[in-house]
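Peer 1: Got these off Swiss-Prot a minute ago, pasting:
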- 7-19: compositional bias 'Basic and acidic residues' (COMPBIAS)
- 44-61: compositional bias 'Basic and acidic residues' (COMPBIAS)
- C74-C106: disulfide bond (DISULFID)
- C84-C95: disulfide bond (DISULFID)
- 71-114: domain 'CHCH' (DOMAIN)
- 1-61: region 'Disordered' (REGION)
- 74-84: motif 'Cx9C motif' (MOTIF)
- 95-106: motif 'Cx10C motif' (MOTIF)
Amino acid sequence: MSSAQMDPHDKMRSRDISKVARGQQAPRPAHTPGTVSPPPENEATFRAKRGDSGRETDAAVEERFPVTNETRHCFNRFMQYHKCIEKNGRDANDCNNLRDYVRSICPEELVSKIWLKSGRNKESQGHYQRQYED
């Protein structure tokens with residue numbers, strides 16, 4: 001007797017091989033890489049991610065990382081503000097509310113950095129970078 005322990009999965013594999021050798025079981029097909037497709041997303045998973053309304057929601061607040069949460073929410077609202085400007089124009093009341101919200105929630109250094117460097121210069125040319133999407 002051997003004192004080495006066998007993994008139960010190895011035992012099953014050895015049994016399968018012996019059955020195949022005796023002709024009692026067909027061999028398993030070889031695995032071809034890249035043939036595994038992701039599982040289909042069910043309705044419950046979709047609703048959990050997007051909410052009942054079907055719109056995507058922000059991730060839950062992580063209390064361990066308050067600065068990260070603040071920065072992420074600041075940037076998301078900043079992007080919503082620019083989407084509002086593209087859709088409704090600069091003078092829309094909803095856009096002004098978002099602008100005020102961005103200015104109140106975001107640190108002044110961050111607002112000036114993303115607003116002036118990435119927003120105003122590239123916005124006049126019709127494009128700007130979007131690193132994080134809602």
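Backbone N, Cα and C define each Cβ position, glycine as well.
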Peer 1: Just to confirm: which same-chain residues, 6+ apart in sequence, have a Cβ under 8 Å from the Cβ of C106 (disulfide bond)?
Peer 2: E70, C74, R77, F78
Peer 1: For the domain 'CHCH' (71-114), provide the mean pLDDT of the predicted model.
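Peer 2: The predicted confidence over the domain 'CHCH' (71-114), as a mean pLDDT, is 80.
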Peer 1: What does the DSSP secondary structure composition of the motif 'Cx9C motif' (74-84) look like, as residue counts for helix, strand and coil?
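Peer 2: Secondary-structure composition of the motif 'Cx9C motif' (74-84): 11 helix, 0 strand, 0 coil.
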Peer 1: Taking DSSP as the reference, which of helix, strand or coil describes C106 (disulfide bond)?
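Peer 2: Note: C106 (disulfide bond) is coil by DSSP, not helix or strand.
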Peer 1: Across all the protein chains here, work out how many other Cβ atoms are within 10 Å of the Cβ of C74 (disulfide bond).
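Peer 2: If we count other Cβ atoms within 10 Å of C74 (disulfide bond), we arrive at 19.
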Peer 1: Using Cβ atoms only, which residues of the same chain lie under 8 Å from C95 (disulfide bond) while being at least 6 residues apart in sequence?
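Peer 2: Looking at Cβ-Cβ distances below 8 Å from C95 (disulfide bond), excluding near sequence neighbours, one finds Y81, C84, I85, N88, G89.
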